[in-house]
Amino acid sequence: MTAIRQDRDDGTDAETPSTETETGKPPSDGSPGVAAPRRRGGFASLWRPALAGVSAVVLGAGLGELVAVIAAPSSSPFAVIGGALIDLAPPWAKDTAIALFGTNDKAALLALIAIVLLVVAALAGRLQALRAPVGVVIAAALGAIGLVAAITRADADSIAWLPSVVAGGVSAIAMNLLVPLGVSALPAPSAEGVAASGSPAPAGVDRRSFLTWAGGTTLIGILAAAGAQLSSAGSAAVSTIRTALRLPAPATAAPPIPASAELGVPGLAPVITPNDDFYRIDTALVVPQVDPADWRLRVHGLVENELSLTWDELLAFPLIETDATLACVSNEVGGGLIGNARWLGYPIRELLARAAPTAGADMVLSRSIDGFTASTPLEALTDDRDALLAVGMNGEPLPLQHGFPARMVVPGLYGYVSATKWVTELKVTRFDAEAAYWSTRGWSERGPIKLQSRIDVPRGGQEVAAGDTVIAGMAWHQHTGIEAVEVQLDDGDWMPATLATAISADTWVQWSFSWDAQPGDHIIRCRAVSAGGEVQTAETASPAPDGATGRHELRVRVT
Ligand SMILES: Nc1nc2c(c(=O)[nH]1)N[C@H]1C(S)=C(S)[C@@H](COP(=O)(O)O)O[C@H]1N2
Ligand SMILES: [Mo]
């Protein structure tokens, strides 16, 4: 509501700039404002207080970010407010954000916060001019919002409050000092008669001085924020530790990827997804920085032997390698929130065997350093599948954004119920006793990955040359496997596609289909058949609450 009202204010002030040009002319005649129509009194030139408000808040926010980088990196006011918004957002918001912005949803959220902040800052400046100290109170309140968000984070440390207090305090003080500069440059409404009758304008700074003050303040704020950005990129200590790290060789290596797993069709997803191309989904606005030297994994709850594992202890265990395709429950039919990697890690079933779950336990609630939790059925962690406490991804330590130093990977389950990154705790418990992060936000407490397939080649909407054409894509039903993929052209019969060699039942598989394309518009559809005989359903379901269904179809024009 605030933003809408603010927009209207700006709109009705459309004549303000011209007013200002006249009132703001160099006061060589010593009487600025004489020519200004003053029908609307002080409102006519409230853009100056608005600008002062923006300058004050930019200064405060910039210094707050700088203090955060120096003193409390996980408590940057922007990050904690963004993090709180993510946690508070209604369940549908996740999907909408991903649908609109894909994996740029975090950048979009930060941009949105910045826009709202600037609008509120402008409004605060205006209110400060009209009814001091309302603007100062708003600036302080913005800091207080950051403060509350900061100290309620799961990973809050003892000085988490500092950056937001600096941001709010500096904004409030600067608001108190700058807004009067903007106001006093104009004749006060009560002085209008005097000004109009030719008396000297009230004492105060002229337009140029005001712009210098406001501009200078804004610039300092921007420089502070930029400095914060640069030094956080430069002083990435954990990233340096990761780069220097050598992981042990697996005690049990995965067999080489069969050459026939890769069909070599241009435009088709590679069967192993390079780390840099691997989708990223999480609630962490700032990637958690976990030093392996400080990392511990606590295994507790309904167990006979509570454990606490250090990094060195974990690496000393016999590690195994396994290929598994991770998928996000938010992935739409035909979407890209899925990737396949070769993971290195310690089987969680071995870890749980050491902890010895007691009778009655049916779930493991895994927790990340940043408070995210996932509920994984105990059975999926103790059966014969290679559910891993993973430390390596495609031959390197986990990238920071994929969970360094350790995460879970459980073949066959969507990430939100299994793939906890930056994992620090496994609590053996019961589904009827505890609920995980997304389960409390309307998503299903269990999330087996659904049978799916997609078309990668050709791209939808693409023009295809008539004649021999290849249609190709990916199919998956982790932990069950794919038996067949079929292709349908223009509502005709389903025809078998050629399957590449599957790495395993836990990974996706490539498929291709040769098509003698005839000129005209065509619809291409695909469907997979699982190793269990299940045919991919045509019934469409949206991602919430437990994964999308339906068949990928696309339209192409053959010329
Ligand atoms: N700590 C943490 N781990 C998390 C999440 C999260 O928000 N926080 N999201 C999960 C979800 S929803 C998915 S789909 C996978 C994605 O893993 P990736 O980013 O490595 O692809 O991580 C899972 N692990
Ligand atoms: Mo996800």
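Glycine too: its Cβ is placed from the backbone N, Cα and C atoms.
Among the features that TrEMBL reports, compositional bias 'Basic and acidic residues' is placed at 1-11 (among others).
Per TrEMBL, the feature compositional bias 'Basic and acidic residues' maps to 549-559 (among others).
The domain 'Oxidoreductase molybdopterin-binding' feature in TrEMBL is assigned to 286-435.
If you look up TrEMBL, you'll see 1-36 (among others) marked as region 'Disordered'.
According to TrEMBL, the region 'Disordered' annotation covers 535-559 (among others). The helix, strand and coil residue counts that DSSP assigns across the region 'Disordered' (535-559) are 0 helix, 9 strand, 16 coil.
According to TrEMBL, the transmembrane segment annotation covers 46-72 (among others). Tertiary neighbourhood of the transmembrane segment (46-72): same-chain residues 9, 13, 16-17, 20, 78-79, 117-118, 120-126, 128-130, 135, 139, 142-143, 146, 150, 157, 159-160, 162-164, 166-172, 174-175, 177-179, 181-183, 185-186, 210, 213-215, 217-218, 220-225, 227-229, 231-232, 235, selected by CB-CB distance under 8 Å and a gap of 6+ residues from either end.
What TrEMBL lists as transmembrane segment is 107-125 (among others).
Taken from TrEMBL, the feature transmembrane segment covers 132-152 (among others). Within the same chain, residues 49, 53, 56-57, 60, 64, 72, 75, 77, 80-81, 83-84, 117, 120-121, 123-126, 160-161, 163-165, 167-169, 171-172, 174-176, 179 sit at least 6 positions outside the transmembrane segment (132-152) and bring their C-beta atoms closer than 8 Å to a C-beta of that stretch.
Sequence annotations record features per position, and here TrEMBL assigns transmembrane segment to 158-179 (among others).
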Residue numbers, six or more beyond the limits of the region 'Disordered' (535-559), whose CB comes under 8 Å of its CB atoms: 91-92, 95, 329-335, 414, 442-444, 446-447, 449-455, 458-466, 469, 473, 517-529
Same-chain residues at least 6 beyond the ends of the transmembrane segment (107-125) whose Cβ lies under 8 Å from its Cβ atoms: 2-3, 5-6, 9, 49-54, 56-58, 61, 78, 81-82, 85-86, 97, 100-101, 134-135, 138-139, 142, 171, 175, 178-179, 182, 285
